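Structure in structure tokens, see below.
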Amino acid sequence: MTATLHGEPFGRTRRGEPVERWELRLPSGASAAVLTRGATLHRVRVPDAAGALGDVVVALPGVADYEAAEGYPGAVVGRVANRLARGRFTLEGRESRVPLNDGPNALHGGAEGFDQRLWRAEEVDVDGTPGVRLSLRSADGDMGFPGSLDAAVTYSLREEDGRVVLRLDYSATTDAPTPVNLTNHAYFALDGSGSVEDHVARFSASRYLPVDADLIPTGELAPVAGTPFDFTTPNRVGDRLRDADAQLLTAGGYDHCLVLDSPGSLREVGSVTGPRSGRTVTVRTDLPGLQFYTGNFLDGSWRTLEGRPVRQGDALCLETQLLPDAVNQPAFAGLGDSVLRPGEEFRSTTEYVFSA
């Protein structure tokens, strides 16, 4: 069944810029809404095991709430997602520096990344169903990155064998060599409220990236076997969350990139199930990595649409991406090129498939 698409005003930024909200809705009532600020995934409503529709991502009430929120709720982050060591990299003999916004590192594109930008929205056709394409231009030197970059993400919604499929198609082109790594930073809570530590996760990832004290990958691609990062069989998120594991202690929980098996094609890479609602989100992607994050820095300062504070353990992120800090990590060669060059196009697809 085909979705409908509707756009409407959502408010204004602190600078007075208008923000739009675009909603994709299926005949079943399942829906997804995005904002032009940050290309943000604002709401996703899908049925539970009893057929009742409910929100499955953390949604904040208004533009001011998103502007005040640290943690990138629902946003598309870039130009380079995840942490960039010391905010530096060298391409073709030229060093570039990105403003530091995470201790000694640059996180998710720097202090004014794509999450804070206004994207331009337009309706497009995606395999016969409506989609909303959000695009922006990042100028040469933006946050220290070389080259002008034209980036876009297209959201579409469809039903597939009784399941709801939210699809994100990313693309980018440049006029000079530059690193690119785009992802969505939605916070999932499949039961709608309560802890996600009871959620059951499974990932097709036999390796993960250990991090140093600043949460930068060490360069090792470590086996998950025998560690709390082994989700190759289903496990409760909270079962090993508080183990005396050096990596969990360093990050304050899970905040690590899982190296996905069988990279290069759109394939199923994992799933998470909420036990109370019976909802499952299955992740498909053509990317080599998935940052699994348990909201370790959530401190209760966010309020949901219902007014509930959001704290650590209330939501988790499933950020499909190229491997973090890849431009500085020779060991990651062959697992996806993070450098985009003139004449090339970065393209990637991630699907979140909801069932109950």
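Using the three backbone atoms N, Cα and C, a Cβ is placed for every residue, glycine included.
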Which one, Asp255, Asp261, Asp286, is listed by TrEMBL in the same beta-D-galactose site as Asn82, Arg83, His185, Ala186, Tyr187?
Asp255
Between the two most separated Cα atoms in Asn82, Arg83, His185, Ala186, Tyr187, Asp255, the residues recorded as binding beta-D-galactose, what distance in Å do you get?
18
Among all the protein chains here, how many other CB atoms are within 10 A of the CB of Ala186 (beta-D-galactose binding site)?
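Excluding its own Cβ, the number within 10 Å is 27.
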In whole Å, how far does the CA atom of Tyr187 (beta-D-galactose binding site) lie from that of Glu319 (active site, proton acceptor)?
9
With His185 (active site, proton donor) as the reference Cα, tell me which of the recorded positions Asn82, Arg83, Asp255, Glu319 is the closest one.
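Checked the recorded positions Asn82, Arg83, Asp255, Glu319; minimum Cα distance to His185 (active site, proton donor) goes to Glu319.
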